[in-house]
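Quick look at what TrEMBL lists:
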| type | residues | note |
| --- | --- | --- |
| DOMAIN | 95-221 | domain 'PLAT' |
| DOMAIN | 224-795 | domain 'Lipoxygenase' |
| REGION | 274-307 | region 'Disordered' |
Amino acid sequence: MAASKDMLGSSSPLLLERSSFLPNSRDLLLRRPNELCFSPLVLPTRKGRLNAGRNFKAPVAAISETPPLIKRMWASEEKPVKFTVRAALTVRKKSKEDIKETIANHLDALSDKIGRNVVLELISTQIDPKTKKAKKSSEAVLKDWSKKANVRTERVIYTAEFVVDSSFGDPGAITVRNRHQREFYLETIVVEGFACGPVHFDCNSWVQSSRDHPENRIFFSNKPYLPSQTPAGLKDLRENELKVLRGDGKGVRKSSDRIYDYAKYNDLGNPDKGIEGVRPTLGGDEIPYPRRCRTGRPPTDSDMGAESRVEKPYPMYVPRDEAFEESKQDTFSAGRLKAVLHSLIPSLIASIDADNQDFKGFHDIDKLYKEGLLLKEGLQDHLLKKLPFVSKIQESSQGLLRYDTPNIISKDKYAWLRDDEFARQAIAGINPVNIERLQVFPPVSKLDPEIYGPQESSIKEEHIVGQLNGMTVQQAIEAEKLYMLDFHDAYLPFIERINALDGRKAYATRTIFFLSQTGTLKPVAIELSLPSTTPSRPPKRRVLTPPTDATTHWKWQMAKAHVCSNDAGVHQLVNHWLRTHACMEPFILAAHRRLSAMHPVFKLLHPHMRYTLEINALARQSLINAGGVIESCFTPGQYCMEISAAAYRGWRFDQEGLPADLVRRGMAVPDPTQPHGLRLLIDDYPYASDGLLIWSAIEKWVRTNVDRYYPDAARIKSDAELQAWYAESIRVGHADKKDEPWWPALDRPEHLTSVLTTLIWLASAQHAALNFGQYPLGGYIPNRPPLMRRLIPDE
């Protein structure tokens, strides 16, 4: 009704009579109570298309309000009387259609004329005392589908009329049956004509043809309900809808399905291509890992434990509503993948070139941004097969690839060579979440010394004492002046296998920084470790310090490059992919399976969960798979995902929140006098200082919602859906860690607030911090070389 009041200024009969949207007041009083007068609105832009901007809101029907006198008269009726209400449905159309879709649209328009319509039915929140089931309206047919088939707008509004009686109560759900041949995307439904006012349904879902899915689609109104507060008329619908979303765990999933289920990562390799296509299954006792969305594809011919793959251009299954919308798909293809490919293609070109020619100098790299790279004959086709979507970033049909100038060299071409910039990127670069305070010297490994040698680092006090402004190492530690990037344990177990690969060489690195009086970091030592070649020999370790002459200068620069390569791998495989994508997927799957769309927690999480499953599926198809972008362009090659899985062994959900993470790394200490309860030990740490502001805003918003629906612990413990979601996320989605003692208990409002805040933080701000700087800083290969080909020569 708000839309009517805003347009009319009042609901008095006099003003209603003057409105061009409504009949005169005399006609209004002759109508049955609550009957509305409806005028669908089409809002063309100057180009004849609907405004598809961010501020677009589906038009709301102009509806007359029943005068209070008639409402009182109606309330006094003893016998229910039939009356009509109407609905406005906003359907979004594709902006680009192929010939098959165009033909299907025409066939749907013809079939609509002969009675194969879209049929709707309203469901009441109340139970019919006679049938003991929810009250229902008459079935209504979507009007004017055939007449609006050729409307060239992004959104089209259709109407439908329902007949209900005065004892119907409030509508709580609506069912939709699509008797056309193809699916359509239903954005919103607004039903008006009830005394309760307009009832809104945010659908945002594909409605499949009844030929493919004979059951009716159910959409609930926007009003949230805890399970215990669900109106009687909606209880069965709520439970049945969740059963549909869980499925039965059998069969191959069709692209039109909306089923959320779990599987291990057994589809990254393709053993049918030979030994080079074999990859271990991630998930299980042998290699623990989070679970992914099940697709149910048949096994490969050569390995029953490996699921067959779907290669581009064929789509990987995700539940239909998780797939990108058309605009999102365009943005993703042209933006995110473009940024990833921009930073990785140069090294890939060198690896797949028949002559295996590396860049001969910095001028070859600079040409990528100034002149572009002209691919050799036959190499372009090879590249297109190797990397899907490369054709989208080509700037000429002759195979010329040219890249935007990354921010790191846009103002100062040589900034990346300096030690101060190297240190700055440790706290303000692409990967600002690995820097930690050095609290024990020398640093100590957690790896098994019987396998990997002495745990103590080879960095000694004499290596760094001259760089500490007159302080001893112990004094610097006590003054909180020493910090470290430690990739030793992440890489050392894999170094021998990595270095056995053709054209790939790596160290396991440690870098120590000193916090100067100006509040900035400077590197004071880099340790490069190689594993022992024989059980009787200790591991080989080299310590390099800031240069004093030309020879040590280039060795120092090469050591920094190996550190950046380690950093690039851990950033992509652990902090970005594992922590903000793979570890989030089980919580998303469980939310759809166990939390009704009416649940307030689902409504809170849903905007942050959307599209993650599709992005993860695309990653399995083209990025983290055998021979994919990550393996081709990062030093660990075929062992990339094993490094990710090794990191999962140390993953803890209770330390994924920003405050806990900062304290764990020693970058902050608890301090109740500070605004966020923490004191940062490095003032100029933008990830932490800005992040705490965002974390606090998220936490405040979450706490407001939790306090609204869960005033006490009893309400949380008695919420069957909430408890089932959290338990399944742990016991099934993170099954390999289900018995860990550190999982937070979901038994108090503050615990629920912490869990939800952490999930939203990981999916939003944390992901943004790790994702959007990739091309500005990583697009210039020497600054963050993802693939190293040589070790530093021995002295």
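From the backbone N, Cα and C atoms, a Cβ is placed for every residue, glycine too.
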Counting by DSSP, what is the helix, strand and coil composition of the domain 'PLAT' (95-221)?
15 helix, 57 strand, 55 coil
When DSSP states are grouped into helix, strand and coil, how many residues of the region 'Disordered' (274-307) land in each?
3 helix, 5 strand, 26 coil
Local confidence of the domain 'Lipoxygenase' (224-795) - pLDDT mean:
90
